[in-house]
Amino acid sequence: MKVAVLGAAGGIGQALALLLKTQLPAGSKLSLYDIAPVTPGVAVDLSHIPTDVEVKGFAGEDPTAALEGADVVLISAGVARKPGMDRSDLFNINAGIVRNLVEKCAATSPKALIGIITNPVNTTVAIAAEVLKKAGVYDKNRLFGVTTLDVIRSETFVAAAKGLNVADVKVNVIGGHSGVTILPLLSQIEGVSFTDEEVAALTTRIQNAGTEVVEAKAGGGSATLSMGQAACRFGLSLVRGLQGEANVVECAYVDGGSEHAEFFAQPVVLGKNGVEQVLAYGDVSAFEANARDAMLDTLKADIDLGIEFVK
């Protein structure tokens, strides 16, 4: 199993690479690419960790060598948020980065499962899809927007608010991956009830959690460590699905035939072909139904921005 991380010298990329080096199945290969010249050194550093995962690093303008034979490609390349920026401010820089990297994926590893981490995910996934379509290799079951950070935040915040063991808390998060498009389905959590005020407060905190980290780091970065953990969890789930493990389910932002938008985050079953099945997200509360309906114009505009960028 070969996993490639594009953007591996960044804050998310290095955290993700460390976690993958320690958690990928024995015999796996981990390929690190970044434009930054430090990248081969990151690979050497990681290679000293005693796990049976071979690590190689590649730097420069061309990621082709890193992508050859990749089963999974995780893209975290781009600039991070700074105070005062929202995810859409990142579009002007990160859109071109994602386009160029996905063009290389299309040429070098067209069958790989591609997980997009680079923000704004609502838009960058649409960009990736259009690039793959232009190259004639688009398979909607092999492209994912990684929204796992919204899931782990939801689980963490709910457990803290209710005094629960976080390992026992499971939350589906639907919609997109920025602001009001992030919708945790708190009404579905088994054995837990919330007041209307708690639901509103938790939902808002989950939606604004990225800003919470950006402000707390005071200009020194964004959510890199928690995002690295979230991306590792999702990447390992992709690998487990590829290896034939049954019942691997994660929420992801996919082209899954949603009635709501061309791309929509919801639970999916992962397998040997990527998405094996898109699962219905089930019954929602009145609050959640209203929030879902209210987000759709924003989500669709984000998607259209990505489509138009490639055209």
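A Cβ is built for glycine as well, from the same backbone N, Cα and C atoms used for every other residue.
Site annotation (Swiss-Prot, ligand NAD(+)) includes Gly7, Ala8, Ala9, Gly10, Gly11, Ile12, Gly13, Asp34, Asn94, Ile117, Thr118, Asn119; from Met85, Met227, the additional listed residue is Met227.
Cβ contacts within 10 Å of Asn119 (substrate binding site), excluding its own Cβ and spanning all protein chains shown: 28. Counting every protein chain shown, 29 other Cβ atoms lie within 10 Å of the Cβ of His177 (active site, proton acceptor). Counting Cβ atoms from all protein chains shown, Gly11 (NAD(+) binding site) has 18 others lying within 10 Å of its own Cβ. A helical conformation is recorded for Asn94 (NAD(+) binding site) in the three-state DSSP classification.
The most densely surrounded of the binding-site residues Asn94, Thr118, judged by C-beta neighbours within 10 angstroms, is Thr118. When Cα-Cα distances from Gly11 (NAD(+) binding site) are compared across the recorded positions Arg81, Arg153, His177, the shortest belongs to Arg81.
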